[in-house]
């Protein structure tokens, strides 16, 4: 009897232990399921198909005996030299060609980003996604470049009646075009895809903000003088190359997790190399009117001209050296262009903040599990891979010019005055005459005349 009781008690203990094991197993499965769900939610975005290697067959054969690391180094180096040569040719062809290239680059970058979105979500058959994306690109370009044409081709616009009407109602027309696209998007909404369609609506608008707005600012910088276009872009290119070189040969310490190949050695080496490069390039370019004069439209010849009397910013001046440098060099003063001082700010931004455009792009690519935006340039990826830092730089240069360089523009004031009615022009003339007389400037001018 005692033995029977002991056996029943043992069986109860085993059953209780078994139920506890089951419970812990269930909890473990729930935890595993939750972690699996988390992983799935992280990887819920479909992967973009990996693009094929487009390296020219000639390079593949010539570099076949090298390791993948050195092979990639040579491919990047050769294609970088080719792109720099192409850049020099564009500069030689003049500002109009530069503007056209900027517009082409803008369209290609937009296409690469929109293609990623379409590759991710094409399986959901979202209606009108690509059509609306390109339509919004057209609307935004019409708005921005219409404003530019009105600013820089004012006299030509006023001469032609159709252009004058388009200029007068430009913003209303732009808004009407955008509103049409907005209504088309609302009409394209499908019940089972609401969320995805709004994702892609936001995707398109953020792409427009990043790509189109920045390219518009690049063209505005170009109108201030080609030096404001060439020096910032060259500093970003130099920093990219020198950071890669220093990181390739001396890199040991990782810089940021988003870009595992970026190192502190490359970052610091690229910074100092870019500062020196910016100062030297500015010194060479500041001596040529072709680079420093604003790009203006000549109404007589109906073409762009680059000719002016260089401002003080591009005239050599004496600067005193600190006592420490005087003792080392034996010089008390040095001759520099004031623009070279500004080039230090441009180079510093290109080296310190510019790479964050690249880090942003790296995070974007990691989110969609892609290596490059496209395979347009072997060894480099897509056009967007090369211009991810340039767009951030364009905004900085535009803000820098507006804050520290640009003053009132008399030619634009005169253009606006000529567009007024005769009675308004007379009123402004009398007001200006009274002001100059009060200041005592007008009698002096009359006596000189």
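Every residue, even glycine, has its Cβ placed from backbone N, Cα and C.
The transmembrane segment annotation in TrEMBL falls on one of the ranges 316-338, 339-361, 362-384, namely 339-361.
Checking TrEMBL for transmembrane segment across the ranges 52-72, 73-93, 388-408 points to 73-93. Put simply, of 73-93, 128-145, 197-219, 267-291, 339-361, the stretch with the most CB pairs closer than 8 A to the transmembrane segment (99-121) is 197-219.
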